[in-house]
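I have placed the structure first, in the form of structure tokens, so that the comments after it can refer back to it.
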């Protein structure tokens, strides 16, 4: 009987492993308490059935909320009992003033980007306008310079032709006057006018210049169709007295309508 009781006692005693200070629990079928998701949060079972030993749970909170506590819980031994690794977390709402600074920063960055873009566009527009205005100014200067050059060449041509015509008419008047009894004779004037009219048929000018010169002669003399060479002309020059210079503009249709007997204009001296 004594040997039998000693054997039973030896079997009932727990055996200790060498190098291990924690005894192996006798109860290997422990479970953890059932957990529920926090208010306005969710619960996800990653491993296990939610209460058995070795179960892993993950908690989630929606946007605008902050989790207070650990979001990962595990069912494990805690000493001689089975319990969760930490307490159940809570989802706490984030106050609005905490997100106000972030919103202000985002709005300020957007506004600054828009201002930079507008300033860049304004700068580019001003540069383009300046380039266009500079090109237009150069073109206008070139046009004006060319117009003045052409105008000066036309004036030199007209003056050269007029000076040559005046010398030729003076020679004709001298020759005709000498043949009719001298320059003071009364019979020399018709011959002078005839030779002048005959010689001036070969001298033509632009109709626009004719109209401009006709307006000038009208302001100088009472008769717009005659201009005496003894009087000073618009250019300030005068010629010998008693000589008339007539300029006829040749037209393919003949003389001007309504005034067949008179020339269109006289060239002033």
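From the backbone N, Cα and C atoms, a Cβ is placed for every residue, glycine too.
When the ranges 104-124, 125-145, 146-166, 167-187 are checked against Swiss-Prot, the one recorded as transmembrane segment is 104-124. On a Cα basis, residue 75 (disulfide bond) lies 21 Å away from residue 91 (disulfide bond). Below 8 angstroms of C-beta separation, not one residue of the same chain at least six residues beyond the ends of the transmembrane segment (104-124) sits close to that stretch.
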